[in-house]
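Over in Swiss-Prot, the protein carries these features:
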type: COMPBIAS; residues: 10-22; note: compositional bias 'Basic and acidic residues'
type: COMPBIAS; residues: 216-225; note: compositional bias 'Basic and acidic residues'
type: COMPBIAS; residues: 269-285; note: compositional bias 'Acidic residues'
type: REGION; residues: 1-23; note: region 'Disordered'
type: REGION; residues: 206-320; note: region 'Disordered'
type: ZN_FING; residues: 42-58; note: zinc finger
type: ZN_FING; residues: 67-104; note: zinc finger
type: ZN_FING; residues: 129-149; note: zinc finger
type: ZN_FING; residues: 175-189; note: zinc finger
Amino acid sequence: MPKKKTGARKKAENRREREKQLRASRSTIDLAKHPCNASMECDKCQRRQKNRAFCYFCNSVQKLPICAQCGKTKCMMKSSDCVIKHAGVYSTGLAMVGAICDFCEAWVCHGRKCLSTHACACPLTDAECVECERGVWDHGGRIFSCSFCHNFLCEDDQFEHQASCQVLEAETFKCVSCNRLGQHSCLRCKACFCDDHTRSKVFKQEKGKQPPCPKCGHETQETKDLSMSTRSLKFGRQTGGEEGDGASGYDAYWKNLSSDKYGDTSYHDEEEDEYEAEDDEEEEDEGRKDSDTESSDLFTNLNLGRTYASGYAHYEEQEN
């Protein structure tokens, strides 16, 4: 009979199994849930931003830095491979950090494993927004990945890009190489392909996955599973040009919207007529006020004798 497993052996096997699952799921972890892309609130200016070594807005250092690799805020001496040996049971704050990543601009703890592996496996190595072309060092927000083309997006453009990225610009769902119906759609090239034309000599199909796009190599999806419109939408921050100081916002979008809505001359003529009518009404109101003041001046010197309003009427009643 096999030997009975001890408690320490069971714990070691469970730990190895958990580490194996973590290594397998590390490549499929969501970018928004990665420690180097976590949400952080500055202790000084109270502004929310991406996890950073220094605040993007006020350059202050956080009281509890978060490791960009393991996500911990406290280094335990017994259970960690510390490069810098520290006195006491644990260390926090600047005593826990060991480096700053050049790609994600976040602290890395002084653990040997984090220091040696994070720079090579940082998910924000080439993180540049596909819409505004800003990197991690150019804005304070978090970085996201498009669900359709899997390009990097900043926090300002993520919703608008994904809303327009799922739109097919073609008027038909037919294959681009023939007239047959395309069963596979590439969301990066915005094109459909049939079964025969998805086969490519350059990009090989992996086992258990959809065939790659013959143009860009991006994984295709079945057209029947997609709910896409054939209209292309133009809206959001990137529709207008940048301003003089290099900042672009929603001002150009609202200006274009208002100009399209009220651009005809008939609207401006009606608006001028309304302004003239309002001016005439104001002049009439002023004339009425002047006439009221003149009539009140005429009756100021009029004496009606002792009346109830003057307070002397009760004397006349007693005399009678």
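Glycine is no exception: its Cβ is also placed from the backbone N, Cα and C atoms.
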Please figure out which one of 42-58, 129-149, 175-189 racks up the most CB pairs under 8 Å against the zinc finger (67-104). 42-58
Average the per-residue pLDDT over the zinc finger (175-189) and send me the rounded value. 80
Would you list the DSSP helix, strand and coil counts for the residues of the zinc finger (42-58)? 0 helix, 4 strand, 13 coil
For the compositional bias 'Basic and acidic residues' (10-22), the number of residues DSSP places in helix, strand and coil: 13 helix, 0 strand, 0 coil
Summarise the compositional bias 'Basic and acidic residues' (216-225) by DSSP state, stating how many residues are helix, strand and coil. 3 helix, 3 strand, 4 coil
